[in-house]
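What Swiss-Prot says about this protein:
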ACT_SITE  Cys146  active site, nucleophile
BINDING   Arg21, Arg126, Arg127, Arg166, Ser167, Cys168, Asp169, Asn177, His207, Leu208, Tyr209  dUMP binding site
BINDING   His51, Asp169, Ala263  (6R)-5,10-methylene-5,6,7,8-tetrahydrofolate binding site
Amino acid sequence: MKQYLDLMKKVLEEGTPKADRTGTGTLSIFGHQMRFNLQDGFPLVTTKRCHLRSIIHELLWFLNGDTNIAYLKENNVSIWDEWADENGDLGPIYGKQWRAWGAADGRKIDQLSNVVNQLKQDPDSRRIIVSAWNVGELDQMALAPCHAFFQFYVADGKLSCQLYQRSCDVFLGLPFNIASYALLVHMMAQQCDLAVGDFVWTGGDTHLYSNHIDQTHLQLSREPRALPKLVIKRKPDSLFDYHFDDFDIEGYDPHPGIKAPIAI
């Protein structure tokens, strides 16, 4: 994960001070790309401990099409608490867009099911895409999608994925995003009888919050360790039938966690 540390260093050295929606202030760069070969290990940051349980539960929650935090709360995951209303609702965020995008004629489009079918029936298609950026529903969302658009690509029997993230909290959010999409690629590859290829991350406004600078310097002082290995213990009947206990991470030996405030 040296390239993640290189990105942190780049933002510190080249970032432009900018105001932001939260009022916190950032150092920001625009446009950056990283490529992770998923056959080299699972890209989980090792220079601080990442809360993998939250990453897995959040992805399963997205895949279920859920937009209420009740499932997350039941599993002691609090990462969406600050944005939920008094009933735990977040509006039509990721899960709704991925699984039930509303078409003008009233249809609900299951983008993820469509992707599975495309990968099995037409893997060379250049249209194997999922979008969470539904312009007509942005004003109903508790938080507009940060990881907004992703595309799958098959070559030589390997499945790759590229994500476009329009806004990226480099210190807190990005390690989650990388691990979450890497996990999704592994799951999708298993369902479609493919090997894993690359996960390509592309960032738009890529920033460090002003109250994360000290934590970033601490993380940069640490040496990366070997990447862990993801083990999926069974093959469910569909992409939507995975459970938390289906996943093991072997050999994860991170440095201690580093606490930092969330910009809301």
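Here the Cβ of each residue, glycine as well, is placed from N, Cα and C on the backbone.
Locations of recorded Swiss-Prot features on the structure.
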residue	record	Cβ contacts under 8 Å, 6 or more apart
Arg21	dUMP binding site	none
His51	(6R)-5,10-methylene-5,6,7,8-tetrahydrofolate binding site	none
Arg127	dUMP binding site	Gln118
Cys146	active site, nucleophile	Gln165, Arg166, Ser167, Cys168, Asp169, Gly173, Asn177
His207	dUMP binding site	Val11, Gly15, Lys18, Asp20, Thr26, Leu27, Ser28, Ile29, Ser167, Cys168, Asp169, Val170
Tyr209	dUMP binding site	Asp20, Thr22, Thr24, Gly25, Thr26, Asp169, Phe171, Ala260, Ala263
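DSSP classifies His207 (dUMP binding site) as strand under the three-state reduction. Cβ neighbour count for Ser167 (dUMP binding site): 20 (other Cβ atoms within 10 Å of its Cβ, all protein chains included).
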